[in-house]
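A.B. asks: Take this structure, written in C-alpha cells, and hold onto it; I'll ask about it next.
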Amino acid sequence: MVHNKNNTILKMIKGEETTHTPVWFMRQAGRSQPEYRKLKEKYSLFDITHQPELCAYVTHLPVDNYHTDAAILYKDIMTPLKPIGVDVEIKSGIGPVIHNPIKTIQDVEKLSQIDPERDVPYVLDTIKLLTEEKLNVPLIGFTGAPFTLASYMIEGGPSKNYNFTKAMMYRDEATWFALMNHLVDVSVKYVTAQVEAGAELIQIFDSWVGALNVEDYRRYIKPHMIRLISEVKEKHDVPVILFGVGASHLINEWNDLPIDVLGLDWRTSINQAQQLGVTKTLQGNLDPSILLAPWNVIEERLKPILDQGMENGKHIFNLGHGVFPEVQPETLRKVSGFVHTYTQR
C-alpha cells in the first residue's frame, strides 16, 4: 500500500482544501505515449486489456510521465459488451464495429447478464495490481453510458446522425426500454465490481448523447441514468463523473443527476456552466486541439480556464475531449506542471 498518497482530486470533489487544482487527461493512458505505441506494434487493444500486467503498465505511465493527480484505467467502453453476447471488433481508423446489431426485442432477450468476476477478471485483476502496489493517486474506473453503448449496438458502429437509434426510440419503445434496462443492469454490476476491486472514482462516458434534444433525453435516457448512478451509490459512496460531447443543452438535466462531477467539453466555459445553474464540481475543459499549438498559445488558453476554476472553487482540470495521438508527451507534461504551479495555494 502507498503512504502519503496524493488524494487532491478526492479532496476537491469533497470540497476540502487542496494545495492545487487537480489535473488528469481523458485518454492520457495510451495513444500519445511512445511506450504505448511500441506495445501496439505487438499487441492489439484487447490483447493489452486482457493482460493485467500490461494494462497496469499502460494505466500507470501517465502518472509517472505527466504527474497527473489521477490514473484512469486503460480499457475500452466496449469491454463489458463482449461477455453479454455482443460481437464487437475494434477496427483501426473506424472504432468499434458490431457484427450482430440490435434490431428487435428478441435480440435484446438474447443478451446475457454480466458476472464481472467470471467475465472480466482481467479488468479487476488490473485494478487490484494498481491499487495494491505503488499507484500513488486515485484510480478512475469507467463505463460507457447506456445511450452511448446502445447507439453502437443498434447502429453497428460509429454514426453521424444515429438514425437507427432514434428510430428505435420513437417506433419501438418496448425494445428501447428493454435495452436500456439491460444495459443499466450490466453497468451497475460492472462499475460496482471496479469499485470493489479498488477504483476510487467512476467516470461515465456519454459521448454521443448530444444527438438528443432535451425532451427526448428526459423521456428516453434520464430515468435510466438516475437508476444507474443511484444503484451504484447505494452500494458504495463513490464519486461519479459524467462526461459528454456537444451536449451543453443538456447541462441542467445532468445537474439534476446524482453525480458529483460534471465534465464540460471545450464549447462551454466554466463561467457559462455556473450561469446555467450548475452546482456540481466542474471538470475540463481545454480544447484538445490547442495542445498542437505553440506553448505560448497553450498557456494563453490555460489561464482563463484555471482562473475560472479557482473562482468557482470546485474544479478538476482536464481537456474537453480525449488526447489526440499527435500530441507530444512533453506538452502534456508541461500542461500538468503549469496547472500545478499556476493554481498553487
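Using the three backbone atoms N, Cα and C, a Cβ is placed for every residue, glycine included.
Taken from Swiss-Prot, the feature substrate binding site covers ARG27, GLN28, ALA29, GLY30, ARG31, PHE46, ASP76, TYR152, SER207, HIS321, and the record attributes it to sequence analysis. Annotated site 'Transition state stabilizer' per Swiss-Prot: ASP76, in sequence order.
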A.B. asks: Would you mind checking how many other C-beta atoms are within 10 angstroms of the C-beta on ARG27 (substrate binding site)?
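C.D. replies: So the Cβ neighbour count for ARG27 (substrate binding site) comes to 18.
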A.B. asks: Validating a neighbour-count step here. Other CB atoms within 10 A of the CB of ALA29 (substrate binding site): how many?
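C.D. replies: Other Cβ atoms within 10 Å of ALA29 (substrate binding site): 25.
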A.B. asks: What is the one among the binding-site residues ARG31, ASP76, SER207 whose Cβ has the most other Cβ atoms less than or equal to 10 Å away?
C.D. replies: SER207
A.B. asks: Taking the residues the record says bind substrate (ARG27, GLN28, ALA29, GLY30, ARG31, PHE46, ASP76, TYR152, SER207, HIS321), how far apart in Å are the two Cα atoms that sit farthest from each other?
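C.D. replies: The substrate-binding residues span at most 23 Å between Cα atoms.
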